[in-house]
Amino acid sequence: MALIQTAFIWVAYAVAVGIVALIAAIFAYTYQTPRDRSALVSTITIITLTSLLATVLLLPVDIALVSSTTSSKLGAKKDWATPETVRNILLTLKIVYYALYSLDAVLCLLVIPFTYFFYEEYDEVDTEEGTQTLGQRLLGAAKYTLFFVVLVVILFLVGFFAPVARGGGSDMDLDYFKRLLAENHGERALTFALGLLISLGTLLYILYTSVGLALLPMSFIKSAPSISAPQLSETTASALEQNRERQRQLEGRNVGRNAGLSAKDQRELEALHREERTLVRRERLAAEARGEGKSFIVKAWTKTCAIFRPLKLVGGILLLLLSVIIWASMLITGIDKAKNSFCKQHCGYILGSINIFQPLNWVFVKSSIVFPIDYVLMALLVLFLFSSSVTGIAVIGLRFLWVRLFEIRKGHTSPQALLMATVMLTLIILAINYSIAMIIAPQYAIYGAQTFCTNPTRFPGDQPDCSNHPELIKTCSELSSGEGAEKVCTPTVVSTFLNRVTVNFPFFGALAFWAQFVFLAIFLIVFVTALFRTPKLDLSELDEDAEADEEEGLLATTGRRFGATWQDIRGKAKNQTPSRGAAGRGIRGDDDHDDD
């Protein structure tokens, strides 16, 4: 039975990793610009994001395996859960964690920089002329990557020799905290490196994830009030007819004149030609949005999406509620830790036990009794925070101070920007891993649903029996003491690893903890601002994208959607007569106003 349960947990994890690999592939394909698509960049991006998400999704596996050794109803270890069996489970988890964390660090600090410089070394002209070889590109990329190799070596040397906290005081004499003080120099180096990467990721996390967490639900609820495809087609056709009629008037007015068009008429005609090109592109966008020239399946899918698009509002409201619950849960845990942590900044504000009801932690603890309910919930939470981070990066962009270096947009992200965004997501996901385990669901992440029996034993070595005394069953926590707690309560590997970072290097723990309050403040500011801000349709951006795609012969293949209305479903525009002057001025204003 134990073997079947363990196998089921690992199979569920393998399925989850397969799903996140698919999500990573969709992310890389969706955001990378088609005309500069690189197979190497896409592959590295997919591998990196899969490894990172697999690291975070190992948390519920860790909890499920550790909790499976205990009967929460009796507060005792199961018969098959001998000390040797438990040690083997923890050793397996530790090996997987070390492998994933090491892979994450290597990908972030070495592989991605090498890929970035390798792509930058490519010169199309030199390659076609045969003056640039693959070996030259590899050598050039390796030369620039050498700096990062030196950085990694220095990082691990500092961690290898860095002094760790010894934690004076009675509070740190508990067995749980003694085990956290790493004596192995190799573990200490990896702990220091992880703590530094988490700290760097936390700085990005409080900026990008907080903004995305507030704006992602709003993007579902308050979509840009853009025109439907049929309405855009009709309005554009009317404006195009007016434009061409005006061109005919100008040309007819100057027929027979030896001097040709006057300077004023010539400027107006040139402006009309530019406007005409813009209107033609918009017509094509509207036609593709309606599925014209596509197969029956594509047209049916377009209309189906139009029918179900109002469900975005319901989904947005649910995501908004989830965002508020996450914010409230983080605030509750932060206040609880700041007030009731027995070691404060000396151990990164480790909380001995939950003193204030925390909704998300309660949901996860209760659902962990029946696997894989908690696993599904945790996977959804991780993907939501990941999507929020992507949204934040897309909104803010890749910046140095106030200067935007790269833009992250669907179908318009360069390979260099995609690699830089992947590095940022790498660091952010490490910070998300800390936040979930230490702030969002602290009790669940450390002990899951484990309990222990406080009933005295009948003789030394016997297991306490609470079958007739359920009131003596207590929840496991860091401060749990006594023979029953020592034998039954087994902390998860990830909590031990993260707490080891904060106990051995308290600065990292204090930084990660207080940064959560900055995260909450930024979320609140952006959330309140988004409530009162009305999104607007940026037609100039549509025109620029269409023009760029047209130059490459790739005119808007994704078919931008313009709002779920009855017009999209019927494929017809509303019967209305737009003002001639307003239509002409409105569209011309999107192009060049300076030429009039």
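Each Cβ is built from the backbone N, Cα and C atoms, and glycine gets one as well.
For the transmembrane segment (7-27), same-chain residues at least 6 beyond its ends with a Cβ under 8 Å from one of its own Cβ atoms are 42, 45-46, 49-50, 53-54, 57-58, 61, 64-65, 68, 371-372, 375, 379, 383, 390. Look at Swiss-Prot and you will find 7-27 (among others) tagged as transmembrane segment, backed by sequence analysis.
A Cβ distance under 8 Å defines the sequence-distant neighbours of the transmembrane segment (46-66), meaning residues of its chain 6+ beyond its ends; these are 6, 9-10, 12-13, 16-17, 20-21, 23-25, 27-28, 89-90, 93, 96-97, 100-101, 103-104, 107-108, 111-112, 368, 371-372, 374-375, 378-379, 382-383, 386, 422, 425-426, 429-430, 432-433, 436-437, 444-445, 447-448, 450, 490-494. Marked as transmembrane segment by Swiss-Prot on the basis of sequence analysis: 46-66 (among others).
Residues annotated as transmembrane segment in Swiss-Prot, with sequence analysis given as evidence: 95-115 (among others).
Sequence annotations record features per position, and here Swiss-Prot assigns transmembrane segment to 145-165 (among others).
Annotation comment: Swiss-Prot describes 196-216 (among others) as transmembrane segment.
Packing against the transmembrane segment (313-333) from elsewhere in the chain are residues 213-214, 216-221, 351, 356-361, 381, 384, 435, 439-442, 516, 519-520, 523-524, 527: each is 6 or more residues past its ends and has a CB under 8 Å from a CB in it. According to Swiss-Prot, the feature transmembrane segment maps to 313-333 (among others), an assignment based on sequence analysis.
A Cβ distance under 8 Å defines the sequence-distant neighbours of the transmembrane segment (350-370), meaning residues of its chain 6+ beyond its ends; these are 60, 63-64, 67, 72, 325-326, 328-329, 332-333, 335-337, 339-343, 377-378, 440-444, 448-449, 475, 477-479, 499, 502-503, 509. If you look up Swiss-Prot, you'll see 350-370 (among others) marked as transmembrane segment, on the strength of sequence analysis.
Look at Swiss-Prot and you will find 376-396 (among others) tagged as transmembrane segment.
Annotated transmembrane segment per Swiss-Prot: 420-440 (among others), in sequence order, evidence recorded as sequence analysis.
If one looks beyond the transmembrane segment (507-527) by at least 6 residues along the same chain, the residues whose Cβ comes under 8 Å of a Cβ in the stretch are 195-196, 198-199, 202-203, 205-207, 209-211, 213-215, 323, 327, 330-331, 334, 337, 345, 347-350, 431, 434-435, 438-439, 501. Under the heading transmembrane segment, Swiss-Prot lists 507-527 (among others), citing sequence analysis as support.
Residues or ranges marked as region 'Disordered' in Swiss-Prot: 566-596.
According to Swiss-Prot, the feature compositional bias 'Basic and acidic residues' maps to 587-596.
Across 95-115, 196-216, 376-396, the stretch most heavily in contact with the transmembrane segment (420-440), judged by Cβ pairs under 8 Å, is 196-216.
Outside the transmembrane segment (95-115) by six or more residues, the chain places 40-41, 44, 47-48, 51-52, 54-55, 58, 62, 141-142, 144-145, 148-149, 151-152, 190, 193-194, 197, 419, 422-423, 426-427, 430, 493-494, 497 with a CB less than 8 A from a CB of the stretch.
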